[in-house]
């Protein structure tokens, strides 16, 4: 009976999409077939045509050009590549696939109508084929995007199987589920379907849907989702208002009706879920009318869906779905904020602007413009829903399932996106729509609540019985809003944004699915509830929560909220206040105060013990903790060293007796910019461990003892004022500088009693246990080194290696150190991020190929140019973004511009890129530009090589997903050091070193349980003898290896306690060389094809490796399977 009505609806809908697609494809065909494909042809216009008024479309293009083409480079990119068009081409369905999907949908329709009815039996559910089968949703509208193509099909259930009171007590939902179960049973036997599974509609467990996939090669082509819905006008709308109750308390609790007539709590969510089913067709009709033939609006919706997907905002319970942004487009069209002639980019921008500036949690919006007094007011919806956006009926809140946290996250992302679009960044489009933002990389701290069954107790503790009744017992959904509100209140000024995952989610699918033969998953099977905390650095490290004064009425609320942690305290101004003080001594502990807040509040108010909370915020801290530190990540030690440097600067400024006054004192060492991986601690040598060099008041290592502790002096550049007395000859300047170094040591010892040791190039100063290496500099010396005199006496300036090196060490390096020191003051997490990054690169044995400065600048870029993120507030998230940047940045075609102090203007940035493109072949493979170094990339001139950079990119790309998966694992991360261990299987030879002679052995990634005494006393104190400086046998051994065998092999080592040197033979080293005296080094004579040639004598080379490192080398492992002579 119903079949003739239903088929035409679905058929006509499918025919419509097919015809439209055919028109487009034929258009494409004629364009592609033109004889001058790809060439621009001149157009001849008459005078009237030339001066006629521009059309709407042309005006629209001009407006878009104005907003989009900020810079000449972006204009070039858009004109040549067509970012938007390219992206849309990637995500939209091809015509061929549409035809295959349409064919599958017709088959589905026929199969559904053939499912047999069941006979009518009293008291039993009866199945009849649907009265109508209608395609609804984005497929019909042409706005669905790949890779997940879902087609929503509404099945209108016949009136005969429903009863008037089915809206009460979940009767409708249960009949709906039975209807699907009967369909599933029959469709699963049909060979047309490769998979027939159940899922929850938008995560709502009362509303399962049936997922059908084709059989065979088209299995991943499309998923058809079947949604049963009631016949039109079946439910009375006035019974489904947000203030009405449709789930009786007695029924829900399993009690007999009391008959006392007491008020029933409203069930707004239950009512909304019923209303959603009644509105499926009206919504698709509205969107079809609005989007219609406006291709720009459809493109805009597709772009917005990509934007949501990259931010993981569109899936699961309460996600901000593609349907919602489609309705937002319809709303802005109805209010004339968007015009149907707009392009996709303009629609995207308009919606983002609207979301960024409109708070739907306070001021809801409505698509209903009726003045019917029987309709509820927006205020009625605001009382029961956190986010309000009404459909055209005025009764259904489209955002009912969207939590306040999710909407705030959407708002936050829209605001960031608008800043990005307005910033004139030439890669803005790519950052906006092509950069994924998973929760672990977007939020500073992550916490997992598991098992989810604990939320059941939380609901009882929080007295959420009406919410449970409304949500049909779904304690995860019922508790989510109150829990996030509780934590937001507790974290207060520390928190910028709190976001939550949207269960149910599984690893394989965006939504939880199960086979039709299985029981549906329970609430606790929804996986894990994950919360992301985006922190404010300015409020993060405060150990005090200041409450009201004791006699204020608010004091009782404060005490009730914080429980036993609240106590009365007297403050310096005499006030007696309620306060909470958190235990945190070091910066690392202060960063983790949110952990204390969260565990305390959840235990106190929600009955969730800390054993159910897995907090991921400082798991990587152990990798940058010092030898005896378990609670600090070194910020305090770095600050102590910087304070000592400041004291030394004051001593230098105040020195009396120097022929020239000091004009500047500048730090030039990683410690002084807070980026030394393991910061120095004050040293106090045990004299018995060393030999004494009496005439120089210093110590020497003893051969019978283990290698002493590694002490690296901190470089300080001391500029002297200019004077006409300075010589103009480079060699003479060096002699004068040497005299100044000696005089500096004398005066510091005489006037301040500090231990000094002077050489011709520097003066080592021992102050408070720290060693500083002062280098005197004269500002004109680099220029004098550039001067070359011709035979005719003409002086010309030309850069020489010596002048460039001196310029870098005495001018560029101090400027960089100063700028990064300032960055650390702005962003306290910078130190931890830079140190973790360097620790990882060195652990991969690549540290010597990438300079300290280059890695510091890559870390700085994460803070100065964090788009599309915000600057990191924890080392953990900063390190993940470092791996992402290294592995995805296009090093070949782009310079990494680090705009320190925001000195570079937009015009200068454009010029820098132009110069880069013009001079790319002369530049190093990795180009890092700063305001002081705009052309040459001085910090990467000596490396890395293309091969080393490629290896770094590969290792970062492999490490990132492994580490993210570990950090997101609610059962704990496992071994967090996995990604820091180097892959040794790639090396041809491994040289194993003796830990006895590795001074930094305790700094290894896998720190040894015991190591050798290194000749330091545990209690710091004054020392009159200079410790052994910069003595690191593995580094000295490496220098010898490179000098002797650098033409045959590359050597790799982790300076932080590495026990292995990796050796890679150079590909050219095994090519036979002609017999010459110059080729004899490391080679032997063999006969090849009747000719005598030289090839590497591998056995002798390996023997030499061991001889050179006698006492240091334990073993030389030749991995002969990797190479042949």
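A Cβ is built for glycine as well, from the same backbone N, Cα and C atoms used for every other residue.
Annotations in TrEMBL come from automatic prediction, not curation.
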Segment assigned the feature region 'Disordered' in TrEMBL (from 1-39, 40-78): 1-39
Per-region confidence, the domain 'Nrap protein' (441-606) (mean pLDDT, whole number): 84
Tally of DSSP helical, extended and coil residues in the domain 'Nrap protein' (151-290): 58 helix, 33 strand, 49 coil
Candidate ranges 441-606, 621-825, 827-982 - greatest C-beta contact count to the domain 'Nrap protein' (297-435) (under 8 angstroms): 441-606
